[in-house]
Amino acid sequence: MPGPSPGLRALLGFWVALGLGILRLSAVAQEPFWADLQPRVALVERGGSLWLNCSTNCPRPERGGLETSLRRNGPEGLRWRARQLVDIREPETQPVCFFRCAATLQARGLIRTFQRPDRVELVPLPPWQPVGENFTLSCRVPGAGPRGSLTLTLLRGAQELIRRSFAGEPARARGAVLTATVLARREDHGANFSCRAELDLRPQGLALFENSSAPRQLWTYALPLDSPRLLAPRVLEVDSQSLVSCTLDGLFPASEAGVHLALGDKRLNPEVTLEGDAIVATATATAEEEGIKQLVCAVTLGGERRESRENVTVYSFPAPLLTLSEPSAPEGKLVTVTCTAGARALVTLEGVPAAAPGQPAQLQFNASESDDGRSFFCDATLELDGETLSKNGSAELRVLYAPRLDDADCPRSWTWPEGPEQTLRCEARGNPTPAVHCARSDGGAVLALGLLGPVTRALAGTYRCTAANVQGEAVKDVTLTVEYAPALDSVGCPERVTWLEGTEASLSCVAHGVPPPSVSCVRFRQADVIEGLLLVAREHAGTYRCEAINARALAKNVAVTVEYGPSFEERSCPSNWTWVEGSEQLFSCEVEGKPQPSVQCVGSEGASEGLLLPLAPLNPSPSDPSVPRDLAPGIYVCNATNPLGSAVKTVVVSAESPPQMDDSTCPSDQTWLEGAEAAGPACARGRPSPRVRCSREGAPRPARPRVSREDAGTYLCVATNAHGSDSRTVTVGVEYRPVVAELAASPSGGVRPGGNFTLTCRAEAWPPAQISWRAPPGAPNIGLSSNNSTLSVPGAMGSHGGEYECEATNAHGHARRITVRVAGPWLWIAVGGAVGGAVLLAAGAGLAFYVQSTACKKGEYNVQEAESSGEAVCLNGAGGGAGSGAEGGPEAEDSAESPAGGEVFAIQLTSA
C-alpha cells in the first residue's frame, strides 16, 4: 500500500516534536516513562483500515514497535511509530505498542470490526400451507455483527410478528438466526412475509444500518376431508346425453381448486362455477357402447386430492314400431294395427299389453268417419338395474268419405251488420277435403268464402252451397241478412227547425233501417218525450235529441229555434251607467230577441248629442275596436231591431275618473309668495274630486292661513278617490320681498377731514335683491363693491356730507330711504329727513350732545328695529332722542316714496 501523504507526515512530525518536548520536560521533572497507543479502542468496518500512533516519553529508547497480526506500514521516529493497519477482517484484535527504556514499556489497544447486514435471507416458505397448521419462519443474517448490536424482526406485510435483540452476545460473535412458528390462517393467503435486520452502532458513534429480505408470499388453503358429492344418472342410453354434477363445500380458496370429471376412459369438459367456498362442476355425459362404466370426480387443491366414483349402466333401447295395414282406408274397410319392440321389451297397444316381453300387440276394426284422424299409441317398457324405462310410438289413420254440410259448419241463416269486414265461412266435412261453392239460385252473385271482405246491403239474399270431393257431393240453401243502423237524414229529420211564437207545431222525425227503427225526441237534458201538437212559446226553443232505435241504434240532435221581437231587461241593459276613465270598460246592453237584435245607442242632448255610445261585443275577440279614451256623459237613446220588431230604451251615462296628478294640475316645482293666502302645495284631477294629503318627511304640513318661509321644502302628495289613487313629489320654494337686514358705518365714531369711511348695506330677499346707492351730488371718489353692498369713501371732505340712500330691489318690492347724513365740522345733526335750515339750527345743540354722548360703538344697524321706531337710531341700533321733530320735516314728506320711514345717521367730521 502507498505510504502516508506529505500532509500526514507533517502532522506526525509535529506530534513527534511535541512529544519530544514533553519528554524533555518530563525528564527534567524526573517523571516515570510510559508507552502510549492511540487510539486505544477502535471499531472498524470489516475489510477497512486504521492508523495507530505508538509513542513514548523515554528520551532515547533502545528499540520499539507495534505488535499485531495485521498487515501494517507507516513512518516512524525515535520515540514514535505510525502504522496503518489494512484489510482488518478479524472480529477482534489487540495490538501492543512497546519501547525498551531500561525496562519494557507497553500499551495495549483493542480493535474490533463490524459488518453491515448486507445479506438478510428468509428461508423459502412451503408452496401451499394448510389452514390451521403451523409453519416455520426462519431468518438468517450471515456475517453481520457484532451480534450484540443486532436486532431481527419477522413481519407479515407491515405487521411485526416477532422482534428479537441479541444484546449481551459475545463481542466476537457474528451473524444471527431468528426462527418463529406461525399458525396459518385464511387471511394469510397471498400475504408477504419478510425479515428486517438492524445493526445499531449509534452508541459507538456510528450509524444504524438496516436491511430487509426479499418478501416471500404464502399460499394457504383449506380442503375438507369429505369427498365431493356426485350427481349422475344410474343408467344412460347409448348416444344420449345426460347432465352430471360434482360439488364440494368448504374449499379455500375455491378459485384455486381443480376439478377432473371422466366417464370411463373419456374425460369430460366441465363448466366450473363458484358459490362462496363451494365449487360446482357440471358436464354433459354421453356413451357410444353398452356396458357398466365408472364416473369419476376429483377435486385437487394445495397438492391434495378428494374424489368420488359412481357406476353408470349404458344401455340400448329402441322405440316401438307401430304399423297400419292401410294408412288411408275407405269408409267401412277392415284395418289392422300392429306394435312391436325389442326382445326384452313389453309392448302395450291402446292400453292392452302383449302376451309376453318380445311379443307384438294387434288391434282390428272397420273404418268409419269418426276414425278419420284417429291416433294410435304403443308403449314399450324395459326393466334395467332396478329402474323401469319406457318409450312410445304413434300412428294416424285417414278415412276417406263423401262431403257433409252440417248446420254447425255451414248455418242455414246468416245475419251480419253492414260495414265491418267479415270472413264468410261455409265448411263441409269430408276426406279428401271437399270444395264448397255458394251462388244465388238465379245465377247472380257468388259468395267469396273464406276471404275477409266488407259486408254491404247488396249481399243480402238466398244462396245454394255445393260441397264436392272424389267420394261424392252435398247441397244446401242458406239465407244472408244484412242489418244496418237507422238513417236520420235532413229530409226525414232536419237539423234546424224554426217555429213562430204563438203558432202550433209538432216535432217528428222519420228514419230508415233494418230492422225497422222506432223514433222518439226529448229535449236536451230532459226526460219527457215530445209528442203531438204544441202551442209554440219561447221556452220551446232549444236543442232536442231524436233517437232512431233498432239493433244498430242511432241518435241525432235537432235544434229548434223560436223567433220573437226585441225587448230590454234592466239587468242586462241598465238605465244608469257610470264609465270610469281608463278602465277599458264598455257599456254592455244585451237585448232579448230571436233573431239576435242589432243595438245602437245615440246621444240625445248636451255634449253627447249625436254621438254613438260604444257597446261591449257579445262575443269578444282580439280584432274588436279599442276602448275609447274619452266618453261624453249624457243621455243616450238605445234602439234594438230585428225582423220581428224594435224596442227603445233611454240610458243615462255619467263619467268618472281616478285621480291624476301631472304638471298641468300639480307642477312638481312650485313657487309661493310669503304672506300670500296658503292654498296647499298640490291639486289633482278626478271625478269624484280626489282628497289630497301632502306630507314633508312623513309629517303633514301645518295648517297656516298665510304662506311662511317655513313652508319651503319637498312634499309627497297623495290624491285618492273611489277609483284609485295617484301620488306626486312636489318641491315648494317661498319667495319674499327685500328687507334690509344690516346697515353699518365704519368707523362708527367721527371721521376727521381726509379720513376714510365705509357704508355697508345687506338685504334679505328671494330672489336675491339688487342693491343701489344714491350719494350726495358732487361727492367725489366714491367706490362700490362688486355686488354694490359696500360704499367706501377715501379722504372724506365737506362735499361728502349729505344723504346716502341704499335701495334693495327684487320682483316682489323694494326697500329704500335708508339714509346716512354726513355733517360738516360745525354741524352735528342726525334726523330722519332733510329738514329746513332753521329747524336744523334750533336742534343743533341738542343733537350734538346726543351724538357725543351716545354709545355708537358697534357700527351696526338693525333694520327691523328701525322700521318699527320713529326715533333716530344710532349705528349700533340704540334709540336716539330726535322725537317728533324728525317726523314733521320735509324729509318726512319724501318718505312716501319708500315703504318705511328713512333712517338718518351722523358721522362726525372733525378738524385735523
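A Cβ is built for glycine as well, from the same backbone N, Cα and C atoms used for every other residue.
Annotation comment: Swiss-Prot describes 1-29 as signal peptide.
Positions annotated as topological domain 'Extracellular' by Swiss-Prot, on the basis of sequence analysis: 30-826.
In terms of DSSP secondary structure, the domain 'Ig-like C2-type 1' (47-127) contains 0 helix, 49 strand, 32 coil. As annotated by Swiss-Prot, domain 'Ig-like C2-type 1' applies to 47-127.
The N-linked glycosylation site annotation in Swiss-Prot covers N53 (among others).
Here Swiss-Prot flags C54-C97 (among others) as disulfide bond. If you draw a 10 Å sphere around the CB of C54 (disulfide bond), it holds 26 other CB atoms from the protein chains shown.
The disulfide bond annotation in Swiss-Prot covers C58-C101 (among others), and the record cites sequence analysis as its basis.
The feature domain 'Ig-like C2-type 2' is assigned by Swiss-Prot to 132-232.
Just so you know, the Cβ of N134 (N-linked glycosylation site) picks up 11 other Cβ atoms within 10 Å once every protein chain is counted. For N134 (among others), the entry in Swiss-Prot reads N-linked glycosylation site.
Taking Cβ-Cβ distances under 8 Å and a sequence gap of 6 or more within the same chain, the neighbours of C195 (disulfide bond) are V120, E121, L122, L137, C139, V141, L152, T153, L154, L155, L178, S212, S213. For C139-C195 (among others), the entry in Swiss-Prot reads disulfide bond.
N192 (N-linked glycosylation site) falls within a strand segment according to DSSP. If you look up Swiss-Prot, you'll see N192 (among others) marked as N-linked glycosylation site, on the strength of sequence analysis.
The N-linked glycosylation site feature in Swiss-Prot is assigned to N211 (among others). Long-range Cβ neighbours of N211 (N-linked glycosylation site) (same chain, at least 6 residues apart, Cβ-Cβ under 8 Å): R116, P117, D118, R119, V120, R196, A197.
The annotation domain 'Ig-like C2-type 3' is assigned in Swiss-Prot to 239-324.
The disulfide bond feature in Swiss-Prot is assigned to C246-C297 (among others). Around C246 (disulfide bond), the same-chain residues six or more apart in sequence whose CB sits under 8 Å from its CB are P228, R229, L230, L231, V259, L261, P270, V280, A281, T282, C297, V299, S308, listed in sequence order.
Under the three-state DSSP scheme, N311 (N-linked glycosylation site) falls in the strand class. According to Swiss-Prot, the feature N-linked glycosylation site maps to N311 (among others), an assignment based on sequence analysis.
Helix, strand and coil residue tallies for the domain 'Ig-like C2-type 4' (332-395), in that order: 3 helix, 39 strand, 22 coil [DSSP]. Annotation source Swiss-Prot lists domain 'Ig-like C2-type 4' at 332-395.
Here Swiss-Prot flags C339-C378 (among others) as disulfide bond, drawing on sequence analysis. Around the Cβ of C378 (disulfide bond), 27 further Cβ atoms fall within 10 Å across all displayed protein chains.
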Composition by DSSP (helix, strand, coil) of residues within the domain 'Ig-like C2-type 2' (132-232): 9 helix, 53 strand, 39 coil
Considering the domain 'Ig-like C2-type 4' (332-395), which listed stretch of 239-324, 403-481, 486-561, 659-734, 738-819 counts the most C-beta pairs under 8 Å: 239-324
Disulfide-bonded residues: C101, C297, C410, C717, C806 - member with fewest neighbouring CB atoms within 10 Å: C101
C806 (disulfide bond) versus disulfide-bonded residues C339, C546, C573, C717 - nearest by Cα: C717
Cα-nearest neighbour of N134 (N-linked glycosylation site) within the listed recorded positions, N53, C410, C493, C717: N53
Entry from the disulfide-bonded residues list C58, C339, C465, C573, C666 having the most other CB atoms no farther than 10 A: C339
Recorded positions clustered about C378 (disulfide bond) [Cα within 10 Å; pool: N192, N366, C493, C638, N639, C717]: none
Residue distribution over DSSP helix, strand and coil in the domain 'Ig-like C2-type 7' (566-645): 3 helix, 31 strand, 46 coil
